[in-house]
Amino acid sequence: MRIILLGAPGTGKGTQAKLITENYNIPKISTGDILRENIQKKNTIGKKIHNILKNGELVSNRIVCNLIGERIQKKDCIHGFLLDGFPRTQKQAEYISNLKIKIDYVLELIVPYELILKRICGRRVHTPSGRIYNINYNPPREEGKDDLTQEKLTIREDDTIEIVKKRLENYEKNSFLLNKYYLREKKLKKLQYFKIDGKQSIYKIQREIKMMLK
């Protein structure tokens, strides 16, 4: 099963991606994770990515496609995978098609931008484990500290309101053509494409997705 999970930053893609990959035993391929891994390596490409993201810009198609292409070719993807945060542009979608990889499902989470801003700007992260909290919806037991380790929580560099607004503008600019592309693919019966109300609870969304993937 090959799945693409679409949605603007802050729509809950990461949460649903984790649930889907656990249920169907397929690897999650996250653009964000791959980019952050390269930033942590502090190599040439990592430094370039860091400078782009801290300004709220999108990493170029060439860089992202090369990194995702390498990951998809690994053995654990033979029986399927979930792409989280990729593609973000029509060119990236065409790149997947050119790799002769058949996508079975495209799922898109829809959330109003006002709610997205509240979600992202309230986000706090325990960097070593990747655990994520939200001061509005899922606060830690002790303010500013991870529940398990009591270590300090941090705010991602790109989670400020100015940068989030810029990321949403970039997403909106690219999503129109991307949506048209997948609607066309759906009409040609090459894949199934569903839009999901991301304002619902995590578990309602999860149940809805299970029905779609039957």
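The backbone N, Cα and C atoms fix where each Cβ goes, and this holds for glycine too.
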Item checked: Residue among R36, R123, R156, R184 sharing the ATP site, where Swiss-Prot lists G10, T11, G12, K13, G14, T15, I132, Y133, Q200 as binders -> R123
Next item on the list: Counting other Cβ atoms within 10 Å, pick out the least crowded of the binding-site residues R88, R123, R156.
Entry: R156
Notebook entry, point to check: What does DSSP call T31 (AMP binding site) in the simple three-state scheme?
Noted result: helix
Item checked: Sparsest-packed of the listed binding-site residues (F86, Y133) - C-beta count within 10 angstroms -> Y133
Notebook entry, point to check: So what pLDDT does the region 'NMP' (30-59) average out to?
Noted result: 87
Margin query: Please identify which of G10, G12, G14 has the densest Cβ environment, defined as other Cβ atoms within 10 Å, among these binding-site residues.
Written below: G10
